[in-house]
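A.B. asks: Features from TrEMBL:
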type	residues	note
SIGNAL	1-23	signal peptide
DISULFID	34-114	disulfide bond
ACT_SITE	65	active site, proton acceptor
BINDING	66, 69, 71, 73, 75, 86	Ca(2+) 1 binding site
DISULFID	67-72	disulfide bond
DISULFID	120-316	disulfide bond
BINDING	162	substrate binding site
BINDING	192	heme b binding site
BINDING	193, 240, 243, 248	Ca(2+) 2 binding site
DISULFID	199-227	disulfide bond
């Protein structure tokens with residue numbers, strides 16, 4: 001009997017440690033304090049989507065950039081009059097304003113019904129789910145209970161986001177720092193089935209001494225036509241040349257066909273360690289969707305603040321004090 005009691009005590013301690021590691025996020029965190037939260041966010045995101053499709057890729061990318069710097073704590077939403085907040089870092093200057101606007105409007109609507117209760121970080125996590133669904137992708141239960149961070153500095157961004165020329169080892173190293181596996185990384189890369197990129201992010205693949213040999217020749221010509229040398233830096237093109245407004249597995253089919261926009265996309269197919277997963281996702285959309293859901297839930301746990309950590313911002317763009 002004593003052995004059983006000690007075993008139960010040990011088990012409870014292990015479970016407590018595991019729960020603290022996960023940050024105590026719960027799917028029903030606001031069940032009593034803001035029961036209509038998800039429907040409020042869903043409505044606001046849908047309304048924004050009717051105004052511009054950019055809502056979808058902008059919001060999804062915003063969530064990823066937020067979580068990889070300081071954790072999923074809405075630090076990327078902070079505005080600074082001196083231009084030194086996280087959003088002002090070079091790697092974040094291309095984040096589309098419609099993503100920020102989506103979260104800010106959703107937060108205002110939530111505040112009207114549940115003042116001072118729901119974090120901007122949780123609203124961003126919910127909005128990311130909603131835009132995937134609006135684009136035809138899968139839905140999932142979002143874990144909630146994040147608090148908003150108290151640090152937002154441009155200087156802390158460098159080295160924490162993937163670069164377009166990364167190889168597989170560099171990608172895996174960066175994602176592993178955030179407790180994400182190679183499978184998670186490849187699944188999250190599938191978000192590139194939506195959105196756009198400015199020409200300077202991939203110009204080296206078509207305007208170096210020779211065209212990147214991993215590029216399909218017709219696709220390379222398409223890129224050169226869309227992005228001639230010395231093009232206006234504001235010009236952007238779709239990351240998925242086939243179905244840029246639909247969340248699907250065509251991104252992986254593009255990689256198989258040599259139509260990955262970034263070299264960090266194409267390497268997923270050219271490296272023998274990751275190619276089998278790309279091939280699987282290209283032919284089995286159900287496998288991709290399942291892996292994407294798992295990866296998004298894991299991404300949403302990165303560096304979260306819970307309990308008495310951080311704060312619940314009233315205005316997502318400024319700290320409370």
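Glycine is no exception: its Cβ is also placed from the backbone N, Cα and C atoms.
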A.B. asks: Here are the binding-site residues: 75, 193, 243. Which has the lowest count of other Cβ atoms within 10 Å?
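C.D. replies: If we count Cβ atoms within 10 Å for the binding-site residues 75, 193, 243, the smallest count is at 243.
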A.B. asks: If you draw a 10 Å sphere around the Cβ of residue 65 (active site, proton acceptor), how many other Cβ atoms fall inside it, taking every protein chain shown into account?
C.D. replies: 22
A.B. asks: How long is the line from the C-alpha of residue 227 (disulfide bond) to the C-alpha of residue 34 (disulfide bond), rounded to the nearest angstrom?
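C.D. replies: Residue 227 (disulfide bond) to residue 34 (disulfide bond), Cα-Cα distance: 47 Å.
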A.B. asks: If you compare CA-to-CA distances from residue 67 (disulfide bond) to each of the binding-site residues 75, 86, 162, 192, 193, which comes out shortest?
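C.D. replies: That would be 75, nearest by Cα distance.
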A.B. asks: Write down the Cα-Cα distance for residue 34 (disulfide bond) and residue 66 (Ca(2+) 1 binding site), rounded and given in Å.
C.D. replies: 24
A.B. asks: Taking only the recorded positions 162, 199, 243, 316, which one has a CA atom nearest to the CA atom of residue 86 (Ca(2+) 1 binding site)?
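C.D. replies: Checking each of 162, 199, 243, 316 against residue 86 (Ca(2+) 1 binding site), the shortest Cα distance is to 316.
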A.B. asks: Could you give the Cα-Cα distance between residue 69 (Ca(2+) 1 binding site) and residue 114 (disulfide bond), in whole Å?
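C.D. replies: That separation, Cα to Cα, works out to 28 Å.
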